[in-house]
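Chemist: If you scroll down you'll find the structure; I have some questions about it.
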Amino acid sequence: MSRTIEIIDQLWTRLEALKPIKPEYKTKLDKKFRLEFNFNSNHLEGNTLTYGETELLLIFDDTKGNHTLREYEEMKAHDVAYLLVEEWAQDKESPLIEQKIKNLNEIILVRPFWKEAITPDGQNTRRLINIGNYKNHPNSVRLANGEIFHYTSPTDTPFEMQDLIKWYAEGEDNLHPVKLAAMLHYKFVRIHPFDDGNGRVSRLLMNYVLLKHNYPPIIIKSADKQNYLRALHLADVGDYEPFIEYISQQVKWSLEISIKAAKGETIDEQGDLEKKISVLKKKLKQDKEVKLKFDNSVLEKLVKKHIFPLAYEWEKGLKKFDQFFFSREVALNTEFGRVSGMEINEKLTNNFLNKLLLLINNNQKIIRIRFSSSYRKLKSVKDSGSFNGGFIEIQFHQNAYEISYSGSKTTISKLYDEELTKEEMESITNSIGNWFYTQIENAIELYNK
């Protein structure tokens, strides 16, 4: 038994003696582990959300910064997977099975997507990532030295995963939990059973083992990525002890933090204050330099460049529902008036823009623009009445504008010089579409009773 494992056993005994931890101390500790694990595990794989943006997203359900929609979605999904692993670990009798592992992969990757890849002979290609299922193609990687590293073949993957589950079940009876967690992580990565997400799933599985045996979760710090990868590479050539020792050091850190928390001591580390300041800046919309402040000229450019393109994108979504109704009306509102029509088209937008420009030229201050839609009667349901088809509302503040819309409890905030991306527009329109679909479904169910 290594000296580090001996220290871990002593720390574990001390922590167990301090349980139950006071609820207020435990809440703070759980939050730290949750944020650190989600941030670092995703950051290791290239996610660009900062720690502050991660906290804002997971704790406050808000977003700031220019990142792809997928990065936000995968961070949220990874958090769901982490909480699920915590839940699994509480059931000491439930075994680890392949379907659970597949579920984790499906959760963290959200939906199928295209990704750059290389063929076994080193040629660049693109591949559709099939989430929640074992790979159908080799997923070799090119190392920093240019060499191609090959993982388990697609043909052998199902058999090796069966062997891994069997090995784990036997290891629960004869391996120290820390060694079991470390080796499960390594063996899983060496198989690389999925098209993508293997690193994140391996770290989730490692923490599943630790949590199940009453250890705190561990965090592989993204800042320490090179040492982490070096330990993995040594394991690739049969030297497992450096990797087990590396994981043991992280367990030691987590136990020490947990003991401090259980005693009511501070668990803030160097750099934690900077993280908190970052979150505060983002909550106050001060994470970026304000280059433009609201005025009517800024409003005119914003409406033409971003707001009407968003409205046209929304119109595409509205048209999908037209076939179910007798008619539809859309309306564009400010606090100074309203224009309406059957659809958002060139005539309607020009009419609205002319009214808007007239207000601007008269130095009227506009603080809100709202798009709304309504439908008249479902064709297949008698006396179904009118339906609210959703809304998009843009509010203008001094330094930023804020978009709220049907189907979402959160808003999108942008500085006046920030781009509203196509992905964000699609996310808004998809949210409204899904919300409206639910309204229709509920109405049909009600009318059929």
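Here the Cβ of each residue, glycine as well, is placed from N, Cα and C on the backbone.
On a predicted model such as this, the values are computed, not experimentally measured, just so you know.
TrEMBL feature annotations, pasted as is:
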type	residues	note
ACT_SITE	HIS192	active site
BINDING	ASP196, GLY197, ASN198, GLY199, ARG200, VAL201, SER202, ARG203	ATP binding site
DOMAIN	96-249	domain 'Fido'
Chemist: Starting from the ATP site formed by ASP196, GLY197, ASN198, GLY199, ARG200, VAL201, SER202, ARG203, give every other residue of that chain whose CB sits within 8 Å of the mean position of their CB atoms, in sequence order.
Modeler: GLU45, ASN105, ILE108, VAL189, PHE194, LEU204
Chemist: With Cβ-Cβ distance below 8 Å and at least 6 positions apart along the chain, what are the contacts of GLY197 (ATP binding site)? List them in sequence order.
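Modeler: Looking at Cβ-Cβ distances below 8 Å from GLY197 (ATP binding site), excluding near sequence neighbours, one finds ASN105, ILE108, LEU109, ILE131.
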Chemist: Give me the Cα-Cα distance between ASN198 (ATP binding site) and the residue listed as 'active site', rounded to a whole Å.
Modeler: 6
Chemist: For GLY199 (ATP binding site), which DSSP three-state class applies?
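Modeler: Assignment for GLY199 (ATP binding site) reads helix.
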Chemist: Within 10 Å of the Cβ of ARG203 (ATP binding site), how many other Cβ atoms are there?
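Modeler: 27, counting other Cβ atoms within 10 Å of ARG203 (ATP binding site).
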Chemist: With every protein chain in view, how many other Cβ atoms are within 10 Å of the Cβ of ASN198 (ATP binding site)?
Modeler: 20
Chemist: Measure from the Cβ of SER202 (ATP binding site) and count the other Cβ atoms within 10 Å, all protein chains considered.
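Modeler: Its Cβ shell of radius 10 Å holds 24 other Cβ atoms.
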Chemist: Out of these recorded positions, HIS192, ARG200, which one has the fewest other C-beta atoms within 10 Å of its own C-beta?
Modeler: HIS192
